[in-house]
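Please see the structure below; I have some questions.
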Amino acid sequence: YFCAWSISFYPQAYLNYRRKSVVGLSLDFQLLNLLGFGCYAVYNAALFWDPLVRREYACLNRGSMPAVHANDVFFALHAFVVTALTLIQCAVYDRGGQRISWPAALGTGAAAASIAAYLAAVIGAATQGGGGVPAHTNMQAPGVPCGSILSWLSFLYFLSYIKLAVSLVKYIPQVWLNYKRQSTDGWNMHNVLLDFGGGLLSLVQLLMDGAVTRDWSAVTGNPVKFGLGFASMLFDLIFMAQHWLLYPAAAAGSFWAASAAASAEAKASGSSKGRDEQLPAASGNGHRPSAAAAADAEREELPHGVGVAHQPDQQPLLPAP
């Protein structure tokens with residue numbers, strides 16, 4: 001799933017670059033995507049690297065460590081960077097008059113403000129010694145109860161819930177845009193297929209982790225990863241239905257569709273040119289046209305009302321003036 005999800009960002013970015021346009025790509029989707037992957041990157045990085053967070057997680061899950069792997073961290077960071085670059089494309093390339101809607105802007109602003117407020121509260125509690133599990137505290141007997149609402153782990157769960165909420169709604173603007181345009185042109189379907197495969201493999205990996213370790217807290221303790229797989233797969237199925245069932249005539253969303261069309265046009269032009277070049281060769285290769293065909297051609301060249309010139313041995317009916 002790591003490879004599928006990581007590669008899935010590039011077909012859309014390449015399509016935008018080749019077209020020098022983001023018409024057909026929802027700007028709301030990209031903005032929400034940036035917010036979601038920013039939260040997801042912080043969440044995964046902290047659970048993977050921060051010893052304080054990992055101890056608190058173990059305290060809440062009977063000593064089990066977070067089921068976050070290095071590939072999870074790299075994927076989240078990579079996704080955030082590529083999404084930011086795609087959003088820059090949206091600012092630079094032709095948008096077709098599209099703008100970020102006020103619901104998306106308002107929701108993103110509210111989420112950012114709530115994150116900042118929660119972070120300030122957690123920092124304040126940690127500074128006063130009232131939040132999280134202190135670094136010197138034994139995991140089995142923490143000085144502060146595990147799962148305090150002002151702990152760093154609770155803050156990370158808050159970020160994960162924002163990511164999950166974003167993932168549940170971020171695809172809606174793109175679905176709506178496709179519906180309004182009655183087309184998926186500009187929305188790359190290879191991205192959708194790779195995303196679907198990544199979501200499926202992500203769920204398989206999570207379930208296999210729980211089965212191998214006989215510890216299903218890997219699923220219950222990482223709800224965002226479990227929910228993300230289902231949410232992405234559901235919307236991917238909707239996009240597939242739009243592309244191949246509802247609006248099949250607008251199949252130009254693939255990044256090689258325009259290249260294939262240009263190649264076909266060039267081939268057709270070359271064939272037509274070849275036929276034109278063969279016409280003179282056909283008349284000069286020793287095969288003379290028939291007398292009737294020559295007479296017809298001569299008659300077409302004369303002005304209307306003027307007959308075909310007589311043979312040399314025939315005298316004209318009227319003398320020349």
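Keep in mind that glycine also has a Cβ here, set from the backbone N, Cα and C atoms.
From TrEMBL, for reference:
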REGION    267-321  region 'Disordered'
TRANSMEM  22-43  transmembrane segment
TRANSMEM  73-93  transmembrane segment
TRANSMEM  105-129  transmembrane segment
TRANSMEM  149-172  transmembrane segment
TRANSMEM  192-208  transmembrane segment
TRANSMEM  228-247  transmembrane segment
Go through the chain and flag residues at least 6 beyond the ends of the transmembrane segment (22-43) whose CB is under 8 A from any CB in it; none is fine as an answer.
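Beyond its ends, the transmembrane segment (22-43) has Cβ neighbours at 12, 16, 73, 76-77, 79-80, 83-84, 86-87, 89-90, 93-96, 98-101, 103-105, 107-108, 111-112, 115, 156, 159-160, 162-163, 166-167, 169-171, 173-174, 176-177, 181, 183-187, 224, 253.
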Ranking 73-93, 149-172, 192-208, 228-247 by the number of C-beta pairs under 8 Å to the transmembrane segment (105-129), which range is first?
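Comparing 73-93, 149-172, 192-208, 228-247 against the transmembrane segment (105-129), the winner is 149-172.
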What same-chain residues lie close to the transmembrane segment (73-93): Cβ under 8 Å, and 6 or more beyond its ends?
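For the transmembrane segment (73-93), the nonlocal Cβ contacts are 2, 5-6, 9-10, 12-13, 16-17, 19-22, 25, 27, 30-31, 33-34, 37-38, 40-41, 43-45, 48-49.
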What residues elsewhere in the chain lie close to the transmembrane segment (228-247), defined as a C-beta under 8 angstroms and at least 6 residues from its ends?
163-164, 167-168, 171, 174-175, 178-179, 182-184, 187, 189, 192-193, 195-196, 198-200, 202-203, 206, 253
